[in-house]
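These notes concern the structure reproduced below.
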Amino acid sequence: MAYPSTSGMIQASSSLHGSITRRNPEGYDMPSDLDQALLLYFDGQEQDKPSTQEEPHKPLNFVKETLNIFPSQPMDGEPTPTPKASMSAPPIAGFSRRSPAPAAADGRPLTLGKTSKAAFKKEGGSGSGGAMAASASSELKGPKTPDPKTLRRLAQNREAARKSRLRKKAYIQQLETGRIRLAHLEQEIQFTRAQGAFCGAGILSPDAALFNLEYERWQEAHHQVISRLRAAVEEHRPDGELQPHVDEAMSHYGVLMAHKARLVGADPLHLLSGLWKGAVEQCFLWIGGFRPSELIKVVVRHVEPLTEQQLAAVYSAQQAARQEEDALDGGLQALLRSLSDVVSSSDAPSSSQQTPPVMYHPSAAAAMAAASFMGQYGSYSNLQLAMDKLANLAIFLRQADEERMRTLHALRRMLTVRQAARCFVAVDDYFGRLRALALFWTTTRPHPAAG
């Protein structure tokens, strides 16, 4: 076996060097060309488009790509290059004519390494993991639409807050209205006390004070009812629209009679005395209210013209009201005479035993008044008999209120809807003028100079 000599190998090497020199007569810069080649190599590896074509002009010291048997990163996450993609890579013409290295948008060169690979894996390429990550990121970035249950709960919370504010506002208004009514009631009590109109021990019973407050509220509500009825009459509404207002006014008088019925059994003297009415109204008071026959006379003046049939019905109702009034007046006068006989009996108190002054406590004053009434030789039977006769006043008060309501219903039946509307408006105007006259008399009448 013959081996080539050393001189032959040297000649072959020199001839090879000469041939390479002849192919590249211009020469190249070793460090710069190597840097550019490495940069292009890593760029192609980052884009996963390795070139399999033979590059025509490569330097001697160019290191070819070798198989990475032990990769530093897992290979299952990176896509496998296809031959079609490898063949599509552009060939490298030469180091002196290559394009410059890729740069970022701001002009700085891209930094290749673990950061770019991690960003590529995070974006996901064309895999399903990237699509899921993109959809998750879009859901996080986009505005969230609440579900119907949350929207319904928010709407319920807003509605509850609105109702709470309305209740608070109504409660504050109610407190303010109650304060005004209480101040007005205190003024009336002081005015009545100054005139010496209190009966008994000089104080109002709790039931009487409650009734006064209820009557004030009823007057305010009745004023609103009549205001609506008056507006409907002035606007010439048809009978179908007037009918509900007329029925409302009629039923509101029933509310007043219910308030009076609750007080009749507890304190009939308060109703009979008329302290809950104005000073001028008390002059026209009849057994705790208005006289039915006088009310019919007032109404007829404001609902004319009437037909003959209506005139006959009105006259009949007026005659029936007067008969009932005469009967009640006779019974009440008989009761008062009987009460006077009991009080003026032989067991009445002597001159040395007088009714206690009002400065005493009510319970003590009541005890002393009972002892004074029975007298030194009297008995408890006379006092009990007088109390029973006072309690019988409630019977007359109930019958008088029943006659008043009966008269109102009779007027409602015999009149048309429009006439009935004018009837209730006229009744309210009548009592309103009486109250205004009392207020005018109290505030404007001249006071005599003190002598």
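Just so you know, glycine gets a Cβ as well, placed from its N, Cα and C.
Listed in Swiss-Prot for this protein:
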COMPBIAS  141-150  compositional bias 'Basic and acidic residues'
DOMAIN    147-191  domain 'bZIP'
REGION    149-169  region 'Basic motif'
REGION    175-189  region 'Leucine-zipper'
DOMAIN    208-444  domain 'DOG1'
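With helix defined as DSSP H, G or I and strand as E or B, the region 'Basic motif' (149-169) counts 21 helix, 0 strand, 0 coil. Sequence-distant contacts of the region 'Basic motif' (149-169), counting only residues of its own chain at least 6 positions beyond either end whose CB sits under 8 Å from a CB of the stretch, are absent.
Residues 204, 209, 212-213, 216-217 of the same chain lie 6+ residues outside the region 'Leucine-zipper' (175-189) yet bring a C-beta within less than 8 angstroms of a C-beta in it.
Under DSSP, the residues of the region 'Leucine-zipper' (175-189) split into helix, strand and coil as follows: 15 helix, 0 strand, 0 coil.
Within the model, the domain 'DOG1' (208-444) shows a mean pLDDT value of 85, rounded to a whole number.
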